[in-house]
Amino acid sequence: MAGFRWFWDAMGGKNTRNQTKSKNIVAQAAKRGVQFASLSDADVVARAHECAQHSDDESRADLLALLSIGAQRSLSMNPFNVQLQAVLRILEGDVIHMATGEGKTLVGAMASVGYALQGKRVHSITVNDYLAERDAEWMGDLVRYFGLTVSAVTESLNTEQRRRAYASSIVYAPVTEIGFDVLRDQLVTQRSHAVQNGADVAIVDEADSVLIDEALVPLVLAGNEPGTAPAGRITEIVRRLKENEHYSVDADRRNVSLNDKGAALLEQVLGIQSLYDDAHIGTTLVQVNLALHAQALLIRDVHYIIRDGKIALIDASKGRVAQLQRWPDGVQAAVEAKEGLVVTEGGRILDTLTLQSLMGRYPIVCGMTGTAVEATDQLRQFYDLRVSVIEPHKQSQRFDEADRVYATQAEKFRALVKEIELLHTTGQPVLIGTSDVSESEELAQALQARDITVNVLNAKNDAEEAQIIAEAGDIGRVTVSTQMAGRGTDIRLGGANEKDRDAVVAKGGLAVIGSSRHRSSRLDNQLRGRAGRQGDPGLSLFFVSLEDDVVVVGGAGEEIKALPDADGRIDSKRITDFVAHCQRVTEGQLLEIHSQTWKYNKLLADQRVIIDERRARLLDTDQAWVELSEAVPEKAHKLSDKLDPAILVQAAREVMLYHLDRCWSDHLALMDHVRESIHLRTIARETPLDEYHRIAVREFKQLAQRAVDLAVETFRDVTIDQDGAHLADAGLTRPSATWTYMVSDNPLSNNNRSVINGIGSIFR
């Protein structure tokens, strides 16, 4: 992608586009603010409504001035010029790059009000429930000052509460809750049962995380229907297998392969002739693969924890429990069996939606993050979004030390502990970012053994994160945390109340240490950005070993020679450059996976739009009755003679919607199955993506007619009376229970291709 950037830069797609003009508008807003200061509240609101309807420079300047006055009067907050500049760029549809601690929450609220004053419905999208509730409450007075309404949607709300919340002018909500509500609304058979009423604008906090890192994560709506899981006996047998003797794991530990000796042992114990016979290849072998992958690749306290007797997945990019997430391919059940837990029931996937497709439902998408510049290419490629860099209110005083590279992880760990101990003796607060729960606990134990009190923030105690982070800048504080992305609490020097601020400043501010480099430089910078908030002093430093994942994966196939000192440290610019190269390679791999997956998902997303439009017509008009009465006129005439038209329209609607929803679910299952096996088509010298698209188009054309044909057949035979269509009597029932979850990245994939009978197994 780096080679592509020069092209669009030359075409005018600069990160800092229009910033001179924006600064001039902000300067004009400051002058207008003085003139507007004497206006009454009613006049401020009326003038803001008027200015919001226009997009010329003068109106924009006036609107910024009036929004600033509103913030002062309602929140006692006086926005800096850089915050007004950020508001302006969001109102122009950009993603803003704004450093941690620069006041993005106020910026997002002011921009939301600016859009809402135009008559647009705004969804202010957060990464979790805590931030949605916090921001809606914190910024609520500003919204209400301008005569608008505000609400928060969280997991705890019931259907009626959600419906009321979505009716607000501005809605704060986690992206997952919005997506799940979209999916649930796609099952309603009466418009009044839907909770959402659409929105015009999505303002996305942590935009790179939502729009890039999690863009292709499917949100799933499932119904109760048995799925496939490994039998208990198979789990016990697989537990006996030994790595390198019965199976092998590839270098990056993403794939595991059963060898002949392992297969022979399983066949002997199970009493079967061959795992690869037709009778077993789609059943027993699938279960063996599931159990083996769960046993060999998924590690407790790295990929998941056990909480309240249930598996809780860990979001690697955030270091916290991934709420409502589960694995695909029956892996979830396999891990539950491995850990001796109750195996959860599988289900039929009724509908699915990626976050990228969800964002496509909004006419306007914009946002803010502290690491937008690093995601510029992806935001441009996948969303046609531009990045505007907002300079900090005060220049950063943070010192970014060069990486300390060690030969082995053991040597790196010893040096890391020694450095933390040294900093702690000075009283300087230290925040250490680790890659997973297991590492955070190991590091905490090593520090505690040296009589250092440690606060640990990881997926096991993420409910306490706000308090732990708020105190991380206190004098002498040592905090160990898995990932800092999406943790919205600021770290203030001297503690939450800044009582010892001067003392901490004198000691150099907050020291942030990364225990390794991540596969994306954005994640490194999210951690680094916690130090040096609003011109504070600070320090950032990363420890790296040549055994770290980013080096092993990014440097695969390359030989590197180095001479470590007695402590294992390699002080060489050549090695430091090599580590940076490895990170760029892994970033390129992630981007390629995203790009390829997007190409597969794009056609299904387009087909979904057609299904949504068809469903809306059936839901909002009498189209279903018109089509069915034309197809079966005799029955339609008889029913019309004795039943109210409203009953007939609703009965026809339910018949049509049932078969449309069912056929769409079947289509998703089929295309997932096609995608799992599409790589085999390269053997026949066919292009996998082209073949996938050919099949998807062909099957979708058949879907439309099949749904209508089935509906006509049902309409002809089903009983329709005063109580409507008796679909249940005809064996046509919707699931009695549904649930939602996110499909975590499949840990058992190679080039984004499942090596076992994938998510389609849940459908069948």
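Cβ from N, Cα, C; glycine included.
Since we're looking at a predicted model, the values are computed, not measured.
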Inset, instruction - According to Swiss-Prot, GLY101, GLU102, GLY103, LYS104, THR105, ASP490 bind ATP; so which of GLN72, GLN83, GLN467 is the extra one listed there? - result: GLN83
Inset, instruction - State which of the following binding-site residues has the fewest other Cβ atoms within 10 Å around its Cβ: GLN83, THR105. - result: THR105
Inset, instruction - Give the three-state DSSP assignment (helix, strand or coil) for GLN83 (ATP binding site). - result: helix
Legend entry - Number of Cβ atoms other than its own within 10 Å, given for GLU102 (ATP binding site): 24
Legend entry - Tertiary neighbours of ASP490 (ATP binding site) (same chain, Cβ under 8 Å, six or more apart): THR100, GLY101, ILE469, ALA470, ARG533
Legend entry - Recorded ATP site residues GLN83, GLY101, GLU102, GLY103, LYS104, THR105, ASP490, farthest C-alpha pair in Å: 17
Legend entry - Under 8 Å by Cβ from GLY103 (ATP binding site), counting only residues of that chain that are 6 or more apart: PRO79, PHE80, GLN83, HIS393
Inset, instruction - Would you list the other residues of this chain near ATP - those whose C-beta lies within 8 angstroms of the C-beta centroid of GLN83, GLY101, GLU102, GLY103, LYS104, THR105, ASP490 - in sequence order? - result: MET98, THR100, LEU106, VAL107
Legend entry - LYS104 (ATP binding site): tally of other CB atoms within 10 A of its CB: 22
